[in-house]
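Visitor: Straight out of TrEMBL:
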ACT_SITE  GLU211  active site, proton donor
ACT_SITE  ASP356  active site
ACT_SITE  GLU453  active site, proton donor
ACT_SITE  GLU472  active site
REGION    55-88  region 'Disordered'
Amino acid sequence: MQWKSILVGLVVHRLTFSCLLWLAFGLGPSWGFNFPLNLHLNKLQLFNEDDGTSSSDNSWSQRIHGHGDAQSRTSCAKLGEENSPKKSSYLSLFEGDRDEYDRRYSSFPDTLKLKMKGMAKDMFFFGYDNYMKYAFPEDELNPIDCQGRGPDVLNPSNININDVLGNYSLTLIDTLDTLLVLGNVSEFHRAVKLVIDTVSFDKDSTVQVFEANIRILGSLISAHILLTDPKHPFGDVGLDDYDNELLHLAHDLAVRLLPAFENTSTGIPHPRVNLKSGVSPDSINETCTSGAGSLLVEFGILSRLIGDSTFEWVARRAVRALWNLRSNETGLLGNVVNIQTGQWVGMQSGLGAGMDSFYEYLLKSYILVDLCSVKVMCVSIMACRRESCNEGEGDPPLYVNVNMFNGQIMNTWIDSLQAFFPGLLVLNGDVEEAICMHAFYYAIWKRFGALPERYNWQLQAPDVLFYPLRPELVESTYLLYQATKNPFYLHVGMDILESLEKNAKVRYKSGL
């Protein structure tokens, strides 16, 4: 098995949720971070193809592809080219007589890279060290009162907290791979031993399956591979007495998440599960598309590491179930579905909250495992979005929120999560469109010093004023730099880093 390719793919995916680290990487390998990202990742045969993703001919698929899905699965590599709209080159943004642009953005000196490298590392360790000092073994640090925080046991309905915090030292686990990528091998080893010695998932905690998967399961798997990879992409960082304990913890957590996939008529999982008792009898039967469809990477790799196909199978079944519920007219999916009836409760189709990572996981699963049927799903949906959801013909293209059944605009706002899409376009080979979309989101950042959680594109003003340190724009910036090597994106990374240092740091106590 090509362990290095798995490692690279999984770490790239994991670090999507680490804004500080993406900022560091956005400033390039000359910083001293030897991170072996290659946009042309080797595909891995981790999953076996089946016929479960085929669909009947319908109006939208004929418009988009001009042929049936069975044929499209055999010509997967050409599918993206067939769906790419004809357009003028956005690369012209970086060409022509642009003296001011050249003066400001055509270079990024090594001295400035070193300065930003130090700033990014200091920012990370400011947060990490204060977590360890004031909050560990709680899940996270509340930087305002400088105390640790775990689940809100007095208010189980506080899902903003309880979906994420499970009384399992979340921050420590979530930063394992970051410590190593930043070069602190000794602290990485210490953190691994702390996780092995102190973390247990035998907790009476009800958590969201999606959050536990991306933050905890992904972190454990990633750190395990970093410790055991014989090719040592970050040097020989193995522990002599390591006996796959992190993998065992990951397996234990995944087993505790499996009840979410039981007693569901569609195969789409329940959104929440109690780590000790399973799904509550009064659990709701509604879940968002991203929550149910963003499990394939972690569950799939876990299955291959332990030799148990169960986890891969349930994750793929959930993706197929969502795929089969798309609209026959538009090819789009909604954002909230009933897991028992398969009826759409939320009919908004967009790129933001409730849907964003579904697209992300489709494409990244394809990149990691060469699963052509998943590629078909991703490119088909992206093509439908271009057809149904692009507001106007000018630049930049604006993918608005529409009704999944008729393509009519539902509202006039976008949310900050949508800034992931330029990066996804890069991974799909649509660099020119990614450049244009990224410029739109960065212009909003420049105006406000952050991305408003919700921005009204008609009024050109924020609808929701806060910014919860989302990393999506940072990841898109990093991927665009890797694809173009244009120093402009290093300047964007510096601007974001300085904005966070200025606006998000609690200076009189601790944390970010």
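In case you wondered, yes, glycine gets a Cβ from its N, Cα and C as well.
How buried are the listed features, and what sits near them?
Guide: In sequence order, ASP163, VAL164 are the residues near GLU211 (active site, proton donor), counting only same-chain partners six or more apart with C-beta under 8 A.
For ASP356 (active site), the Cβ neighbour count at a 10 Å cut-off comes to 25, with all displayed protein chains included.
Residues within less than 8 Å, Cβ to Cβ, of GLU453 (active site, proton donor) and separated from it by at least 6 positions along the same chain comprise ASP415, SER416, PRO462, VAL464, LEU465, PHE466, TYR467, PRO468.
Counting every protein chain shown, 27 other Cβ atoms lie within 10 Å of the Cβ of GLU472 (active site).
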